[in-house]
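Engineer: Quick paste of what Swiss-Prot says about this protein:
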| type | residues | note |
| --- | --- | --- |
| TRANSIT | 1-60 | transit peptide |
| TOPO_DOM | 61-109 | topological domain 'Mitochondrial matrix' |
| TRANSMEM | 110-132 | transmembrane segment |
| TOPO_DOM | 133-272 | topological domain 'Mitochondrial intermembrane' |
| DOMAIN | 182-270 | domain 'Rieske' |
| DISULFID | Cys220-Cys236 | disulfide bond |
Amino acid sequence: MLRIAGRRASSLSRWPVRSVAPSSSAFISANHFSSDDDSSSPRSISPSLASVFLHHTRGFSSNSVSHAHDMGLVPDLPPTVAAIKNPTSKIVYDEHNHERYPPGDPSKRAFAYFVLTGGRFVYASLVRLLILKFVLSMSASKDVLALASLEVDLSSIEPGTTVTVKWRGKPVFIRRRTEDDINLANSVDLGSLRDPQQDAERVKSPEWLVVIGVCTHLGCIPLPNAGDFGGWFCPCHGSHYDISGRIRKGPAPYNLEVPTYSFLEENKLLIG
């Protein structure tokens, strides 16, 4: 073993010696190459050999944590690299980047609260308006409501006459019946009717008859105070209706339709 070490030392002594600047970041202490034994010991290394070894060692050194760093052959790591390679649970803050802002002026807090509260009320009002606008947009317009119902004044209608009004695009017959008309309507045998229906089922007041003026056959408009039964006559196909609007003769299959209506007052009628 001693012979092998001597041969290696003699081969290293032949390498050219390069001067090392004293300002180099890497410095090798003599303690790493000296021994308690005398200089004649094979383990002692001359300063020139140390410089050569340093030169070749620096070519493979880095700033990472390694065995060479433990031997003092490389300088200390930068703080950032050392923190990354040696993590710790201790948190150290940079006081320069984490400075606390000074507390605000207490006299201005009331103004800030007022502004924030006022903004909330404004936002709530806007949301309320949007909701109301959406709900109201779903309701029917005034034109549609006007067409949905019709108010009629009955005071100008004479007994025994018929008035025609327009409701939802259809004609409506309003007849003020006399006592003879009422008695005639109640004297009809229901068994002889194509669409059996009592007169009391078709009127809310015996004096007033309200029916839609559209023939139930093909949609023609019957003529009032005409026909074989004193009611209405359809000139299109010859259907005859009595004084209660019931079909008595002709091709029409059903009686004249009775719309939804009510009496607001004695002489006020609301259709629809």
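Backbone N, Cα and C atoms are what each Cβ position is placed from, and that goes for glycine too.
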Engineer: Taking the Cβ of Cys220 (disulfide bond) as reference, which residues of that chain separated by at least 6 in sequence fall under 8 Å from it?
Structural biologist: Val214, Cys234, Pro235, Cys236, His237
Engineer: Taking DSSP states H, G and I as helix and E and B as strand, how many residues of the domain 'Rieske' (182-270) are helix, strand and coil?
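Structural biologist: Reading the DSSP string over the domain 'Rieske' (182-270) gives 11 helix, 25 strand, 53 coil.
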Engineer: Please give me the CB contact count at 10 A for Cys236 (disulfide bond), counting all chains in the structure.
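Structural biologist: Within a 10 Å radius of the Cβ of Cys236 (disulfide bond) lie 15 other Cβ atoms.
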